[in-house]
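**Student:** Sequence annotations record features per position, and here TrEMBL assigns domain 'LRRNT' to 31-65. TrEMBL lists 338-357 with the feature region 'Disordered'. Feature annotation from TrEMBL assigns signal peptide to 1-30.
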Amino acid sequence: MKRSRRALTMRPCGPAACALLLLFGLRALAVCPHTCSCTRSHRVVDCSGRGLSQLPDGLQHNIRTLNLSRNRLQDLDGLLGHFAHLRTLDVSHNRLDRLPTGLPRALWEILASGNRLRLLDKNDTAYQWNLRALDLSANELERVVFINNTLSDLRLLNLSHNKFWTVPTNMPSNLETVDLSHNFLVQVLPGSLDRLPRLTRFYLHGNHFSSVSEPAFGRLGALRLITLDDNPWACEDEENITGLLAWTHQTSARVLGCPCHTRHICGEAHLAATGVWRYTSHTQRPLGGGAREVVTSGRWSKSASLGLPDDSLFPDGNGTSNFSLPANHLVFGGGFSTSTTPRSRKAKKAKAGGVRSTNPGLRTCVPDALFLNVLLATIVFSAF
């Protein structure tokens, strides 16, 4: 008597099983280049200090932060444009003689200090509409060219430790902080500062100024801090220096390093009546915003380290970067956004467990809605 054999058939996987397969499949595809280190999501990639002379292979297209600092990179033209989600690019301390062409237009911050840049052409930043911070310090720049009505979101511009002789003209109009310290500046051309209504911090110490015309800073209505020390002021030339000295005592902004050694701090005319003078230094963070660690490296100007309440990611002295956003919005570091909106305590928790299949064949356990939603959210985060 022959026994009939029952064929074993595989039932279609349920939603949870399919989601798990998709999740593990995406994780398997997320590979970190062997010369770099990555976060679990592979969206924050640190390839700094690896002796790289070319862009490493295997970078995901959806990375958010890429640190290529302290390598031997000479040319990145056209190699970064396909990283459409890239927000922070750190190419500081390499051998670049120009800013890479074809950069992603989604960038918020470009850190390119310590290279060999000689010129910033108008086309280098023409399409960086979302750029908020640009650090070109410690290069060999003598001239930068900006196009009118571009870089409207740019708030911080670091041009310290370069070779400028005059203050750049036509700077983006929404700038809030400009660092031109430790250059060779000898004059402020007429009209150079007329289109900067939001400029609050202006670092000019360590230059070659001997005098500045009286109305040079008069149009900076939002100015709160300016540094003028370590300049060879011609104090004996009363005709050219008197106007500047009068401005430094009448302005409401804080002036660090008053010309002609009248005092270390002047300005703050609204406090002069009470005789309140407070000591500060260039390495002090004027608006000490909160900071958190991001995968970037480098060194911000020793004499003009900034800690602004928003949009700041310039490296500080310990090789990390300070970036502060409103407390309910986190972007860099993990490559995701989250909200701190409080959850009501009355919200009921979903019951644990699942529904067991009554089929005597292959039994599957279908998870509840809460587990499935969390799993699908993880898949979407990994994919994008």
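Cβ coordinates come from backbone N, Cα and C, glycine included.
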**Student:** Averaged over the domain 'LRRNT' (31-65), what pLDDT does the predicted model reach?
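**Tutor:** A mean pLDDT of 95 is what the predicted model shows over the domain 'LRRNT' (31-65).
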**Student:** Could you tell me how many residues in the domain 'LRRNT' (31-65) are helical, how many are strand and how many are coil under DSSP?
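**Tutor:** Taking the domain 'LRRNT' (31-65) as a whole: 0 helix, 6 strand, 29 coil.
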